[in-house]
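Colleague: Look at TrEMBL and you will find 45-67, 79-102, 108-127 tagged as transmembrane segment. Annotation comment: TrEMBL describes 284-345 as domain 'TRAM'.
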Amino acid sequence: MLKKLVTLIFIVVGASLGIFAIPELIRLFNLNVPEILKNTYVDGAIGIVVFFILFYWLIDRVVNLIIKGEKSLLNINFMELIFATLGMILGLMIASMISLIFNSMGFILLKNTVPVILAVVLGYLGFQVGLKKRDEIQSFLPERFQSGSNKRRVLDNTKLLDTSAIIDGRILSIVECGFLDGTIIVPQGVLDELQLIADSTDGMKRDKGQRGLDILSQLQNTGHPIKIVPGNKNIKEVDQLLVTMAKETKSSVITTDFNLNKVCQVQGIKVLNVNDLSEAIKPVVAQGDKFILNVTKAGKEENQGVGYLEDGTMVVVENGKHLINKQVNVEVQSVLQTASGRIIFTKKVND
């Protein structure tokens, strides 16, 4: 359908050029031509044929360009689109005023061709200026017209909170320590999901849901700005809701969900993963370091004992199986980094 439309536009342009250009060229160069070439329909047909011979190869490229333009427009924020449209309208108005100058000239080709070129060029420039200079334009508006702009500036520093991060609970300590700035947004869909989990017949799920609701209540009492917003009611899936809201408001997403983390990264959305933060602030141990460890169980290999640091890092004690349920002084021999975290290999040393 789009290709047919572009082809029709090419036909109209070719016919217009033939109708206006051929008589003008005949008059300009004082040519003696057959009477048939002075017929408007013949001139239009010649224009179509010549235009298609020269530019038929452009049709597919124009179609592809329009499709790319459509995709780009769909990715533009609604407010950006409004300002871009206003810029384009202003560009077309300027083109119209300049065209009045050419309309006063006697040269028909200038009167009918230049205005079209001006409309295309200035309309495009106006669109780009309105799109890219939106914030600067809004800064000149009275304050009462800047609510949308101010809201957007606030949203630029907001964090969308995922269900998994709330249930995890560590977000409460992070907020209390002041590591996060800006407003934390909890979409209604996340709250509904928490409520659904809290009402589950499965005891473990129910405990998680109730814990999540308790954490959310405590977050609201920290004094940090936290808002619950409706979100898009047409989007039922919470992860999709978070991704959509993050793209629309240019917010980051706080989560512990591995899959949501990956989806956000693919979509170009900034992710604040609580697990990554926890991993980053783990105490750094090196070969030769000594510390006291509580050996809690046997390891996979023969005679190995296993214990854990306060941050959950696994510590393997060589020949430590007989030390289970005892506190021993160990020395680091090596550290292994795996996809699931670090494993520290140690040996018992004398106190």
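Glycine is no exception: its Cβ is also placed from the backbone N, Cα and C atoms.
Since the structure is predicted, the reported quantities are computational estimates derived from the model, not experimental observations.
Tell me about the setting of these features in this model.
Modeller: Through the fold, the transmembrane segment (45-67) approaches residues 2-3, 6-7, 10-11, 13-19, 21-22, 37 of its own chain, all at least 6 residues removed from its boundaries and within a Cβ separation under 8 Å.
If you take every residue in the domain 'TRAM' (284-345) and average the pLDDT, you get 87.
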Colleague: Just to be sure I understand, if DSSP states are collapsed into helix, strand and coil, how many residues of the domain 'TRAM' (284-345) fall in each?
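Modeller: Per DSSP, the residues of the domain 'TRAM' (284-345) fall into 3 helix, 36 strand, 23 coil.
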